[in-house]
Amino acid sequence: MNVNAVAELAPDERRALFDRDAGIAAIESDVTAIVDRVREEGDVALREYAEEFDDVTVGSLDITDEAERAYDEIDDNLRNPIETAAANIREFHERQVPDDWRESFDGRELGQRYRPIERIGAYVPGGSAAYPSSALMTVVPAKVAGVEQVAVTTPPADEINPATLAALHVAGADAIYQVGGAQAIAALAYGTETVPRVQKIVGPGNRWVTAAKAAVRNDCEIDFLAGPSEICVLADETAEPQFVAADLLAQAEHDPNASVVAVTDDETLAGRIVAEVEDRLAGREREDTIRGALENDASGVFHARSMSEAVLFCEEYAAEHLSIQAAEDEALLDRIASAGSAFLGPHSPVAAGDYAAGPNHVLPTGGHAKIAGGLSVDSFLRSTTVQRLDADALDAIGDTVTTLAAAEGLEAHAESVALRLRESENAARDPDRLRE
Ligand SMILES: NC(=O)c1ccc[n+]([C@@H]2O[C@H](COP(=O)([O-])OP(=O)(O)OC[C@H]3O[C@@H](n4cnc5c(N)ncnc54)[C@H](O)[C@@H]3O)[C@@H](O)[C@H]2O)c1
Ligand SMILES: N[C@H](CO)Cc1c[nH]c[nH+]1
Ligand SMILES: [Zn+2]
């Protein structure tokens, strides 16, 4: 890892940083082939892919019954943190629940109401690491929103990680299937003999999972693309280089396709961050994965000529996680609109939010933070607006509607209003008329 100057980035380097796709384009046709095969062959394909990609001979695809047992059997030392994290996540998401509302304005009674989507599919990753935290982050908000049926898929294993199963039990998953990768997304989108077709798929995963979500999104709603993890640290001379380095390494250990950057106006700090990363890397578990992520074209430590240039870099990068380790953190955050989740100050490592602070860790990657926020209660709701007009209110906007309808050449629209206005006028002249 070297320090790079933001001002000297070549166009292809900028593209790699700001138009990053975590290797998804390269596997699009392979993923389409997997999705098509699951559509055609159902469970048979799921079993064969489990052998091929996960090296597992699957017995029952449905492992719902294992969750409660795992919860009963795991050690208190693990069960308690799962319960604590679940409680914090639930409390945060309960604050997101919108209230139905009705208000009257001059005879127009208007409002909005919210109802949960009925059948959700949640992907809980579990390839190179187990993700009980993602079990909580997907299923808890779905249940807070009131979703009736949450079907979870997670990669097959000779023994599914007990913490993941226990977390799924705590969160309230209704059904659990051991299916991973693109094939799991296809199964949820189209249904198989065992896996039910859902209305919307949520959850994070590697590039196979993410490419599959992109591939099925015309046929099944998805939350957004939540692929290999990302962090962008914005630091000034007050930052602790070892904290910045530790945060970069933490997100790098998820996946060789993870993207980790730090940007600062202090060139000395930039050098110290690089040195800390190198120092802390050697001999670490998952060292190869971390090295892969650090060598990714979308990763690096950058020196900006000013904090304004560093802020622009962060805005362009639109990271899943934005960590601001700088004196004026709130003022800097005000200048950055695009980030999945922002972590302010030296005592807010991204890992705290990954597990237990409360906000959701399923967040947009690949620059999608420019147009989307993270998973929330709203992801599981549909809204209906409600409108009731009295005769005077219709009269008040009648000309507006009929004139606009005429401008659009939609005569029947205009007539549906004009008819009522005529009837009201007649009723006003002859009060018994409408009752006849
Ligand atoms: N953005 C977010 O909100 C967020 C949150 C948590 C985790 N993540 C990401 O989730 C990912 C977890 O990755 P993971 O790999 O550990 O688990 P995973 O469950 O996402 O993927 C494992 C599956 O990938 C498939 N796969 C692997 N290699 C394949 C190949 N060569 N061909 C076809 N399919 C293949 C297999 O079917 C396997 O079951 C990481 O990238 C992590 O950064 C993202
Ligand atoms: N950092 C991940 C989101 O990109 C979430 C996670 C789960 N476990 C640890 N971290
Ligand atoms: Zn993480």
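In case you wondered, yes, glycine gets a Cβ from its N, Cα and C as well.
Keep in mind that TrEMBL annotations are predicted by a computer and have not been checked by a curator.
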TrEMBL annotation, Zn(2+) site containing Gln251, His254, His413 - matching residue among Asp288, Asp297, Asp354, Asp378 | Asp354
In TrEMBL, the residues Gln251, His254, His321, Asp354, Glu408, His413 are said to bind substrate. Which of Ser229, Ser338, Ser376 is said to bind at that same site?
-> Ser229
Can you tell me which of Tyr123, Gln183, Asn206, His321, Asp354, Glu408, our recorded positions, come within under 6 Å of ligand 3 at the Cβ?
-> Asp354
Cβ-Cβ neighbours of Glu408 (substrate binding site) (radius 10 Å) = 9
Quick one: of the binding-site residues Ser229, Asp354, His413, flag those whose CB is under 6 Å from ligand 2, and say none if nothing qualifies.
-> Ser229, Asp354
Lowest 10 Å Cβ neighbour count of the binding-site residues Gln183, Ser229 is held by Ser229
Ordered by sequence, the long-range same-chain Cβ contacts of Gln251 (substrate binding site) under 8 Å (at least 6 apart) are Ser229, Glu230, Ile231, Ala258, Val260, Ala293, His321, Val350
What does DSSP call His254 (substrate binding site) in the simple three-state scheme?
-> coil
